[in-house]
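According to TrEMBL, the protein has these features:
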type	residues	note
TRANSMEM	A:6-24	transmembrane segment
TRANSMEM	A:31-48	transmembrane segment
TRANSMEM	A:68-95	transmembrane segment
TRANSMEM	A:107-125	transmembrane segment
DOMAIN	A:128-416	domain 'NADH:quinone oxidoreductase/Mrp antiporter transmembrane'
TRANSMEM	A:131-150	transmembrane segment
TRANSMEM	A:162-184	transmembrane segment
TRANSMEM	A:204-228	transmembrane segment
TRANSMEM	A:237-256	transmembrane segment
TRANSMEM	A:299-321	transmembrane segment
TRANSMEM	A:333-355	transmembrane segment
TRANSMEM	A:367-390	transmembrane segment
TRANSMEM	A:446-469	transmembrane segment
Amino acid sequence: MNNLLIMPLLVPLVTAVVLIFFNRQIRLQKWISGLSALANVGVAGYLVHVVRQEGIQTLNMGGWAAPYGIVFVADMFAALLVLTTTIVSAACLYYAFGSIGKEREKFYFYPFFQFLIVGVIGSFLTGDIFNLFVCFEVMLISSYALIVLGGTKKQLRESLKYILINIISSALFVASVAYLYAVVGTLNMAHLSVRVAEAGQGGVLTTISVLFLIVFGLKAGLFLYFWLPGSYKVPPAAITAVFGGLLTKVGLYAIIRTFTLIFYHDPYITHTLIGWLAAATMLLGVIGAIAYWDIHRILIYNIVAAVGFIAFGLAAANQAALEGAIYYLVHDMIVKALLFLLGGTIIAYTGTATIKEMGGLMRTRPVLGWMFFIAAMALVGVPPLSGFIGKLLIVEGGLQAGFYWITGIGLLTSLLILYSMMRIFMNVFWGVPKRPLSEPKKGTGWLLLPASCLVILTIVLGLGAEWIYPYVNQAGETLLNPDQYIQAVLKE
Amino acid sequence: MKTNDVILQTVAKIVVFIILTFSVFLFFAGHNNPGGGFIGGLVTAAALVLLALAFDLETIRKVVPVDFRKVMAVGLLIALLTGIGSLVLEVPFLSHTFGHWDLPLLGDTELATATLFDLGVYLAVVGVTMTIILSIGEDH
């Protein structure tokens, strides 16, 4: 009996339902959703604290014991991601207050936003694979609505593709779950792990695991990312930031969870496959990032490259690499949301998305410039900032596991990411303005406030690694030893 | 030429009540027989759609003067509150309970809180279906 676990999900869910009643009172909507976002950060922080003190927390829904009912499980990995989600979503929400516009706000923007958070947090906390599917759908359906909200021509075109690809991958998800259920006869993740270990991961189960890899790869943009650049480009900045920060990471979480908890018996096939997919993703991601002159595209391809890098951490699957993957995942959620918020602000000031046509923004917007610089450095992984430790650990783990080539590709990727970010920085902030900049308007300055919170967080994540490492270490322990998870859930 | 729908409208007026009764029956049968909130909600929506076909959307608005988006939200809220009730009573989320009561006319009746959850589902389904149909129907 531990209802704390449901709270990070319940707070946005209740908020979303209540907000439906007030779709015309925008000011009231802002107050309710703003307060609930802050409250949820507190709740998630408390959850992390409890997991740190007392170990893995479980909640049997409706009081039905583990394999028979739905279980919610918060190990440190899930708890950290929930906390990061609440922080990132709060920042994006506060950014949306100043930027999203009345038209969208009147048409249920805030309820959709909260439902999206419900889906993301539910995916992180659930301990049941079909419930994971349901939470994916909650998240995806809200994201369909958010991507198309506003109804411009581009949005309609891209949302069609996005919905099509996600419906196919969801159907594949259901099929994979059906195959898995047919073979092992359970849906609870801990119980699945036990059954798969008993049966031995033979050919059939490995095939099913590859099916899951394809499904989650489609969601996460691991190699199968062809749908991503188009659909992330069209919605407004606040929505892209929340997509870039959260959605692909849920797919990554699902990959890491299934391949550390359930299908870890035949790493020669599955993990090698993940390794090569990761290498290809990193390469293709950076090629995209250096190919474009459009600030949104560059950032979007950087998401792809980071997905590859984190998946590589899973492929190496030793202590250092998994801890690195966790650290990098948390860092990447924050820094990607931050970069999209800053990118949106830059576009709002310059009136164009093409970096060739910008220039000299440092003169009128020095704060924005330096924030972008710090975010870019953090993304690349320059030592005092948050990207460094994760990258270092993944590289260390990759070398230990003998993936020399892929580690090399990972390091090369960092260099090219640095190039792509510096190209943005130099083109946008240095030089002379190529077109008239909009005059600093009153009140637009505070759009930078949520972004500056995230900047401070990346600095704290980097400098305070000493304090944060024990949490990451605990999360890594659980991933390496599935027995802890199984015991916490099944209580044998 | 103005068409005359007098047969359709007269039949609809009677049939709608039969359909609504059937939907309520399905809703309450759900626990021990096939039925439940989802199918009950769909059948209720079907009755309202029949009214819309026989008359027009304005009639629906006059007969059922509610905003169906709010109906959906109320349904969600009811379903959620049955879960939150278990938080207040300090049992795991979504725990349900039941009891037997002697009701007038019905005699010994089993009342379960799961029915309240089902009521939420019912309202949400009615709300969603009617929102979809009314908003598509309004488009010209």
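Each residue, glycine too, has its Cβ placed from N, Cα and C.
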Stretch with greatest number of CB pairs under 8 Å, the transmembrane segment (A:299-321) reference, A:68-95, A:237-256, A:333-355, A:446-469 candidates:
A:237-256
Taking residues 6+ outside the transmembrane segment (A:367-390), which of them lie with a CB under 8 Å of any CB in it?
302, 324-332, 334-336, 338-339, 342, 345-346, 349, 361, 414, 417-418, 421-422, 424-425, 428-429, 448, 451-452, 454-455, 457-459, 461-463, 465, 469
Who are the long-range neighbours of the transmembrane segment (A:31-48) in its own chain, taking Cβ under 8 Å and residues 6 or more past its ends?
4-5, 7-8, 11-12, 14-15, 18-19, 22, 57, 74, 76, 79-80, 82-83, 85-87, 89-90, 93-94, 97, 110, 113-114, 117, 471
Hey, which bits of the same chain come close to the transmembrane segment (A:68-95), Cβ under 8 Å, at least six residues off its ends?
5-6, 8, 33-34, 37-38, 40-41, 43-45, 47-48, 51-52, 56-62, 110, 113, 116-117, 120-121, 124-128, 131, 188-190, 237-239, 241-242, 245-246, 249, 253, 256-257, 326, 329-330, 333-334, 337-338, 341, 344, 447, 449-451, 453-454, 457, 471-472, 474-475, 478-479, 484-485, 488-489
Six or more residues beyond either end and a Cβ under 8 Å away: which residues meet both conditions relative to the transmembrane segment (A:333-355)?
81, 84-85, 87-88, 91-92, 95, 99, 236-238, 240-242, 244-246, 249, 293-296, 298-299, 302-303, 306, 361, 364-365, 368, 371-372, 375-376, 378-379, 386-387, 423-424, 427-428, 435, 437-438, 444, 447-448, 450-451, 454-455, 457-458, 461
Cβ under 8 Å, sequence separation of at least 6 from the ends of the transmembrane segment (A:6-24): give me the contacting residues as numbers and ranges.
32-33, 36-37, 39-40, 43-44, 47, 59, 72, 82, 86, 106-108, 110-112, 114-115, 117-118, 121-122, 125
